[in-house]
Amino acid sequence: AQGGEWVWVDSDIGVPIGARVKETPSGRRFLVNDEGKVNIQCWLTEQSKDLEASVKIMHPTSVEGVDDMIKLGDMTEAGILRNLLLRHKQGLIYTYIGSVLVAVNPYQDYPMYSGDQVKLYQGRKLGELPPHIFAIAESCYTNMMRHHKNQCCIISGESGAGKTESTKLILQYFAAVSGGLSKQEIEHQILESNPILEAFGNAKTIRNDNSSRFGKYLEIFFNKDGVIEGARVEQYLLEKSRVCHQASEERNYHMLYCMLAGITAEEKRTLSLGDAKEYTFLSKGNCIVCDGRDDAKDYQRVLSAMKTLTFSESQCQEILKLLATILHLGNICFEGESLKDGVCSLQVNKSSLGTSLTHRSFRTNRESVTKPLSSEQASDCRDAFVKAIYNKLFIWIVGKINSIIYQRLIKNPKTSFLSIGLLDIFGFENFISNSFEQLCINFANEKLQQFFVGHIFKLEQKEYLKEDIVWKNIKFSDNQNILDLLAGKPCNLLALIDEESHFPKGSDVTMLNKMNKQHKKNKTYIASRSEHDTYFGIHHFAGVVYYDSKGFLEKNRDGISSDIIKMVEMSKNKLLRQIFENELSTNGLKGDNRKQVPTLSGQFRQSLDSLMKTLSACHPFFIRCFKPNNDKRSEVFDRELCMRQLRYSGMMDTIRIRRLGYPIRHTFAEFLKRYRVLLKTTDCNPKIVSLSNILTRYLYFNSSMTFGYFLLQVRGYRVRKDWKQKRGAVILLQAHTRGMLDRRVVGKMRKDSEPVEEIIPPVSISTTPSQSEEDDDEFDDETEEFSFYKFSILHFQGSATHTHISKRLQQSLLHHDDEGDAVACVSVNWIILRYMADLPEPKSADATSLASSTISRNVPNRRGRRLSNLVGLDQGVLIGEGPRLQRPLTPVEKLNIIIGYALSRPNIRDEIYCQICKQLVRNNNRNSRMLGWTLLSICLGMFPPTDLFMKYLENFVRKGPNGYGTYCTERLRRINANGERKELPCWEELKAAKSKEPIEVSVTLMDDRTISLNIDSASTSAEVCQALATKIDLRDTYGFSLYISLYDKMWSLGSCGNHVLDAVSQCEQEMTRQGKQEKDTPWKLSIRKELFRPWHDCSKDSISTDLIYRQVIKGIKSGDYTSEKEDEYVHMAAQHYYIQFGSAFNKDNVQKVVDECIATQLIESKSMSKWIQLISTAVLQGPYANGNQRKESVKAELVDNAQQKWPLFFSKFYDVTMTSGPPLPKSRFFVAVNWSGVLFMDGRDKKLLDLPYIEIKEVQKMRHGELSDSADMAALIDEHLEGLRQYSVYAMAKQDVKDSTFLVFKRGDLLLVERDEHSTNDSWVRATNQRTSNSGTVDKDTVKFLFTWFSLWFRREKNKEHSRMNQKNVHNVPFSPCHRLAGKDGSRPGPARGFGREKLWIHSREPLKQPLMKSLANNSELSSRACNYMGDYPIKHARSPMELTDQIFGPATQHEVLQDEIYCQIMRQMTGNQSRISLDRGWQLMWLITGLFPPSPGLMGHAQRFLETRPRNQLSNGCLQRLLDPRKCPPHMVEVDAIQQNSAQIFHKIHFPNDSDDIFEVTSTTTNKDLCHGVASQLKLNSADGYGLYLKTPNKVTSLDEELYFFDSLRQTSDPPKKAKKVKEGNTNIPYLVIIRRKLWFNVTPGRDLVADLTFHFPQEMPKYLRGYHNCSREDMITLGGLLFRVEVDSDRSQFVMIPRMLRQLVPADQIKSMSPEEWKKHIISSYNKQSGITVQEAKIAFLKAISTWPTFGCAFFEVKQSCEPSYPSTFLIAISKQGVSFIDPQTKELLVMHKFKNISEYYSKGSRFQMTVGTVMKNDFICETSQVRARLLISVLAKYFWEKKPIHIIL
């Protein structure tokens, strides 16, 4: 080893350590180890050859350390240990070993768990950032969401290694990233379970102040959106013995100490408790106090957490009683056979307790015998009882926590959620004395080690497969032999222990003898040395562990005596009996019926098996926690301790697996540097010879030497080499480019190399006047009616003229109301002048900026084709004066900017035309004039002028020179006819503008023909389709649409007003985004069948049929048209064969057919020969084998089949948002309109609703002037509906006709109409009455034509029930006979014998015996309530309408399944009802129910027809309009009262803060937000934002959620509690007031809105001031006192004498005594006099202006009490404002702290308690108490500000 090198040297800890070779000036070498110590024995001399031989050179990766130990060259125990040491010294506590995280406890706080760290690791892959526990958490979360597979994270390590803290950090990370506050109640509850479990399950040990004494598996459940929905906790093997015994310097469980430190003196007296040192169970370890823990504060924290998890007050008290009992039992002393002392809260007789503890009963064959116990036995009995109480109490607490955090998941199947499990379990244990607990713990660790090794082995195998490395012969022996010994094979150790535990005479000695005898030959087992030796040993994966068998059986039996159970049974303590419920249920069984009590090992094995099954179904992650030393000191690394932990953690197995494979993984550069000396040649320069050649030629690598791995490195080298070459080329190009750009600056960039710019090349400058210049006078003709000169006189602003200028306009030519339009006009004028070369291009600041702008123009800045980028839409105001335009622009860029302004701001289009025309008049520069006419012609193809300028522009362009007159006139006509464009001009347009020729395009047909057509800028898809149809003689053009495709994407342009070149422009924009040129865009046009008419007839046009047929064949081949049935493909292929080749069979032709119309995927899945066989059989044996059918008819049959089979593929799609209608899972979806009906689609395959045309009565476009798609969709559906009526041969009579001159019929008769296509009479038709079979002439106005399908359906129904149909009245259609509940014979049992079938859809006075709906067959709860309200059935006790409506509608608002039943019952009672009173009440119920919830989609059509056929009732139309979104509560009393008075209008009184009120109209579907806006509108407030509604009752004030319905809010907050509703007499309605107040104080400036100031701001702020909430000076108080005095008395000076009595109305309450009343009087009068002359209103405004400068202006104040933060006063103020949440000292008014909303992660209110959490991950909870009403208000205000201020993050 040379001087300075790092080496490995042997050490006394069993593994080598690192050392560095140093040299003295004399040349002597010595070693300095990692600690900087010089070892005298480590001099490297000639004499110390043995020492030097043992020294090994350290790999470079071990010298500096790595963050992933997979990269270590020294993959040994020493390498891993030293790497952890180096990182620990650097303060890096996390290290990877592959995907395993090693976490070293730093024993100090690190600022690495903040919200910023959460954001940093969120969305990042493992390994992208430095190792962190958040990276593991993110990987768990991301894998779960991406792969939809459950994950688990196994956290292991010794006590004190940091397992519990790691678990909490991961849980807090999930809570931080999984969702917003909407779901954080459950997240908060999950987090709050930690303090409870820690208090009851953790204790101070020698190694750890907060050691978990139980294993925990926390499974967190997420919904499909990744939001936490719940969790579940499983606990394993609580250390019960700690309750009775603690080692020296250790404590009992935390909760026992916390209880004594935290409960009040009164509670201590009640429980007879004292100090901790008084109790034996708390002082055995001689450690009462734990440094760093505040037991009293922890008690409050636990109590708060228990309240959060809904532990009741009585449950908390019962828990305290049991804990006190444990302490009292521990102080009991036994003398002989008697109980000496002790008091407990078991609520049992003292003598019974004494007997059960000091005696043991057992049963012989004949009798029960009681035996007294010795004092030692009695103590053991007491200890067993105490341990059982604590263990079962802990289990009960875990169950209680699960009942809260898991309750919402119980109703849903577990498979509907994904989960992440966190296993925090005890590590491998090997103490001086190991007992039964250590055996169970180590057994669990053996199981987990096998799981860990298997996972690491799979990862290693995956890595080798990735590198193409063969490793099939590698075998790794795991620890299965140990598991077999412990629990695997028959007669295993745990089975022997269980067996001996069940023998009454079994003892530890007999158990050990059996174990020795059975397993003494097993190499894994170490038998006892002698008969008297109680120890046995096991070779565990982490080393040998010796166990003391003493006490094994007693611990395994885990039982308590039957006497104790009997005593518990006699106890009056409910919780005690509850936790011993299982023992009490089995204690009463006798003899053989008594269940065998499961042993502790049996229970543990069952739990462990369940855990391993759960883990095996998950994708695992591992965290290995290490503690660097036993003294809890930071910066101390105990090598020996950490080495032991490495072995115990199983990390060495990772090393062994790597060593069995290929542990050394050099990079090629390292490999060549290290081994090049072995080469027999010097020709190994990588710059000359490739590495792969070196390896194969000189090192003779073969396939067995893992050449695949080296090949991968070769590829990496080549990629790097290629990258360096390209980088050099780029630098060279940049140098040349910069030189070229500098030269272009000199030439003013006139010769741009951009290909698109060549379309409009610069014209050479000519100053010689031409003939056209001399004739410019024709534009100045004043005699012309529509001359441009005349327009300028009439409409131009200021002194602007109509002639050319060479400088920028200072203001727009035309007047613009919008300021933004006016500024944009000036900007666009600058660009027009630059385009026409009337102004030079601006110079760049320097060559660098010019280069960057030009480079961005050439490639990436082609995104500038977007309108928002061109004209600054993304900056809000279209001024364009920024850096975007302050640079040289190309002609195309300037053109796009001008047109972009016009398209984005329609109001400046006339301005743009005027500016261009102005620059063309009297322009002596030919170059400028030609550019101007080119610009004008292009604009005329993009947007039309307004009607104001239309005729003037027509007159102007008609006079254009050089052919521009005719060209521009035609373009103006076309763009005016077809409307404006939506996109910027495309490359083809700009090229055509130069030649003034039309654009030639090619359109591809489905038969592969190509048709050439001429189009222009204004051409639409309809025009192209029509021109194409004319060329190919296509007569049936309906449904054929123009399509455009780019690469593999194709979309429809329809056959409508869509501009074709807009689509081309979009394709070019896509090319520019890819960095390509517009002119190379490979767009293609084609024509396809997009839509069928319902009455499509193939016989009308053979060309149309042929095109559709070819489209279908191509669609099947491409996989666009798919079928689930193979026979359908075969049948269509046979049809295609017949059409192409006739009936003659030829196998080669069959193969051609397969190639043409069977998808490649289908051919590959079944083989070509199989398809040929199937289609050959169909051709030879099918219907076309005889050749009798015409090919055209077969072609038509194929098209008809495709129409029927794939209606969705022949549809027009619209993207819609539903504002009202049937309840669907989504409001945003697609609507597909086709020949069969209207479909609501969620994506491609999921149907939300299918509406056939039979169910559509009418289509209306509710909003006018919005999207054209809505009008297009409405027109399409209307066209289909009308066509179906015209083609229908069925009609229904609307009235009776008795005139014998015509066909006689009755209303409701079905008529069969005879359609005569040649008839010229549009008013009369011939028809046949299906009832009478008579025929005759019918007036069309007397019948209603039915859809064809409905007619057919109606005819079938008529044949079934002819007599019933004849008696129906069409205007009184029964609501839904098809929903009835049928019996076995298809009917329902009648009320009595002899009666016929009951008509379920007709009114009845008999109560229903079962529901109408089949879905409610077993629930007749609401069978008769509709009848009760309508008075059709008598009830025993008179009930108010409100009670009845609650009974009818209440359950239905909670259970959706009941809603249709209520609709059906109401409509049933209204059908055929002859009672006017009953019918009126039925309409009242109908009015109420339609405002509560709509019927289901299946019932919606029936309900609508029911209402439509009863138009005479005034409520009918109103009910139809009320079918909106569902409510949550039954009707409010106000609604019921209004409808009982037959009033559909409801008015409600709203109160204001200034003690005034007014009434406002509300509806059943008015939300609180709607009402606020209505109030603001009626009061004429400037804005409705920031206001909220409050409900005031005698007991509370509640803020109303603005998103809820108004009447739902009233019901939820003003209704009496459930207990009060049981009162039978008296009015239980609680009086209430609805108040509107300002809630949010954003942008409130006094004086801006006087109504708001006087109505809201002053009356709300004045009380806060008088209560003393603000911090103000004496001068402020005097000034404000004068203003408030003026508000009280106006100008009445006689009231001066009353000032001393009025001080509470003038001065803050806490400042009144700061001066005497007379001094206040003197100062207030002085202030009042200074303000003389102002009115009361002005005084109020002045008051608001004065306090608005204070930081607490507009705050919502809350007085609270707290005890969790000692640095704050016990009572203080919480002030909530737009800045955040402030804590204020009420005495000094000083700000204690202010938390911004971005730092508040959670807040929660329960009863009178308010809790707020600050921070995202390392959270700090603040808890306070206030009144229950104030707590609710605090939450509502905080929530409102929180959502207004906190940013919302959306994950895409």
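Cβ coordinates are placed from backbone N, Cα and C, and glycine is handled just like the others.
The structure displayed is predicted, hence computed values, not measured ones.
Looking at 240-262, 608-630, 677-699, 1045-1067, the stretch flagged in TrEMBL as region 'Actin-binding' turns out to be 608-630.
Counting only residues at least six positions away in the same chain, the Cβ atoms of Glu198, Asn202, Asn210, Ser212, Asp424 sit under 8 Å from the Cβ of Thr164 (ATP binding site).
In sequence order, Asn105, Asn208, Ser211, Ser212, Gly427, Cys625, Lys627 are the same-chain residues whose CB sits within 8 A of the CB centroid of Gly157, Glu158, Ser159, Gly160, Ala161, Gly162, Lys163, Thr164, the residues recorded for ATP being left out. When DSSP labels each residue, the region 'Actin-binding' (608-630) comes out as 9 helix, 8 strand, 6 coil, counted as helix, strand and coil in that order. Sequence-distant contacts (6 or more apart, same chain, Cβ under 8 Å) of Gly157 (ATP binding site) comprise Ala103, Lys163, Gly427, Arg624, Cys625, Phe626, Lys627, Gln645, Ser649. Counting only same-chain residues six or more apart in sequence, the Cβ atoms lying under 8 angstroms from the Cβ of Ser159 (ATP binding site) belong to Thr205, Arg207, Asn208, Ser211, Ser212, Phe426, Gly427.
Sequence-distant neighbours of Gly162 (ATP binding site): residues of the same chain at least 6 apart with a C-beta under 8 Å from its C-beta are Ala103, Asn105, Cys625, Lys627. Within the same chain, the residues at least 6 positions away from Gly160 (ATP binding site) whose Cβ sits under 8 Å from its Cβ are Asn105, Thr205, Arg207, Asn208, Ser211, Lys627, Asn630, Lys632, listed in sequence order. Summary for the binding-site residues Ala161, Lys163: the Cβ-based neighbour count within 10 Å is maximal at Lys163. The Cβ of Glu158 (ATP binding site) has 24 neighbouring Cβ atoms from other residues within 10 Å, across all protein chains displayed. Mean model confidence for the domain 'MyTH4' (804-994) is a pLDDT of 80.
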